[in-house]
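Novice: Sharing a structure below in structure tokens format, with a few things to ask.
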């Protein structure tokens, strides 16, 4: 009976790449704005609360004496983000908000990326058990645990950065100054160039926002998929499969630590760069 219901390799991969969403069944269309990925929302909020707690704990434990390991690490992280923010955003007033925001973004995205380090089947199996105990079909108990491997989540964050850029454009340059820039940059203030300038500005905003979210999503989705494929080696019930699963999984996990850290840093840096550009005129 166990082998009768055992999923094929393709079914295993598809199952692990399917979200728990608001409809209660697998999404069939590529784009459907009526669908909410509940798993991504849950883990994003949960890890966001964990981020706030960790930063609050670090601030609470801060002392003037010799710092402990945790405090020393947090101070090093804060100084790194503050230095990056100071080099990109020259307004001290803006940095009071943007620098803590960048630190929060880095820690939050790092924690979301780090969910990829958990065993592939750990949380999904637990969810299957809960779902089955509630009377549901465990074969339809979907659960993805890496929010940053969900394009809707990463684009949502990049859209948040876009809104901040628009806010600082208006705050720093004024409404009239920003509108003037929209129609006169980058090719000049000749009336015939107004439509071209405006189109170029819109393309720039859209391209930065889409690439900002896509870069994080693409790297984390690929990393998640590789972990799933490595997990398949362990199901082959052969010595080669078992050894390959252990060796490949260990090597990829070590390398993936660099990826999850680097992607969090890149997203944070691009956030600073885009907000910094809003402070500058063309």
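Note that Cβ sites are derived from N, Cα and C of the backbone, with glycine treated the same way.
Just lifted these from Swiss-Prot, have a look:
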- 38-58: transmembrane segment (TRANSMEM)
- 97-117: transmembrane segment (TRANSMEM)
- 145-165: transmembrane segment (TRANSMEM)
- 187-207: transmembrane segment (TRANSMEM)
- 225-247: transmembrane segment (TRANSMEM)
- 261-281: transmembrane segment (TRANSMEM)
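I'd like to know what surrounds each of these features in this structure.
Specialist: Counting residues 6+ beyond its ends, the transmembrane segment (38-58) has Cβ neighbours under 8 Å at 19-22, 70-71, 74, 103-104, 107-108, 111-112, 115, 142-147, 150, 152-153 in the same chain.
Long-range contacts of the transmembrane segment (97-117) within its own chain (CB-CB distance under 8 A, at least 6 residues past either end) are made by residues 43-44, 47-48, 50-52, 54-55, 77-78, 81-82, 84-86, 89, 145-149, 157, 164, 216, 220, 223-224, 227, 253, 256-257, 259-261, 263-265, 267-268, 271-272, 275.
Same-chain residues lying 6 or more positions outside the transmembrane segment (225-247) and placing a CB less than 8 Å from one of its CB atoms are 9, 12-13, 16-17, 116, 119-121, 256.
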Novice: List, by number or range, the same-chain residues at least 6 past the transmembrane segment (261-281) whose CB is under 8 A from its CB atoms?
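Specialist: Long-range Cβ neighbours of the transmembrane segment (261-281): 81, 84-85, 88-91, 94, 98, 101-103, 105-107, 109-110, 113, 148, 157, 161-162, 164-169, 172-173, 181, 185, 208, 212, 215-216, 219-220.
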